[in-house]
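Some notes on the structure that comes next.
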Amino acid sequence: MEDEINGAVPCSSLAVDSILRVGTAGAIWGLCMGPYDARKQGLSGVARASFVAKAVGEFGFQYGLVAGIYMITRCGIQRYRRQNDWVNGLVAGALAGAVFAARTRSWTQVIGMAGLVSVFSAAADYSRTS
C-alpha cells in the first residue's frame, strides 16, 4: 500500500504534508513549554506573551524543517534506489538528525544526534517493511 502511495504522490507533496503535521506538533509543544520557561525566567505581561509566541514559532519551524528534510530525503532515496527498505530511513534519519543538532555547533552532538535519529528511523522502517 505504501509503495503505491509513494509512487503516485510527489516527494514534495509528502514533504509539505510532513512539514505541516510535525510543524503543528512543534508549535503545540512550544505553546506548552513557552509559559513554563517564561515562568522559570520570571517573565510576566507582554514580555511573557512575546516569549511564548517566539517559542511557538521556533519549535514549529524547527520541527517542521527536520520533518521536511527527513521526508524529502527518504522519498528521494527510495525513488532513486527503487527499494522501500530500512536503508532509506537510515540515511534520511542521519541527515535530519545532523540538521537538528547543527545549531549546537558541536561535532560530537551532531554525530551523536545523527546516529540516534538514524537508528530509530531505520528501526521504524524495518518494522514497517517486515
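Even glycines carry a Cβ here, placed using N, Cα and C.
For 86-104 (among others), the entry in TrEMBL reads transmembrane segment.
Taken from TrEMBL, the feature transmembrane segment covers 110-127 (among others). Same-chain residues lying 6+ beyond the ends of the transmembrane segment (110-127) with a Cβ under 8 Å from its Cβ atoms: 70, 74, 85-98, 100-102, 104.
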Given the transmembrane segment (86-104), its same-chain partners at Cβ distance under 8 Å and 6+ residues beyond its ends are 62, 65-67, 69-71, 73-74, 77-78, 110-126, 129
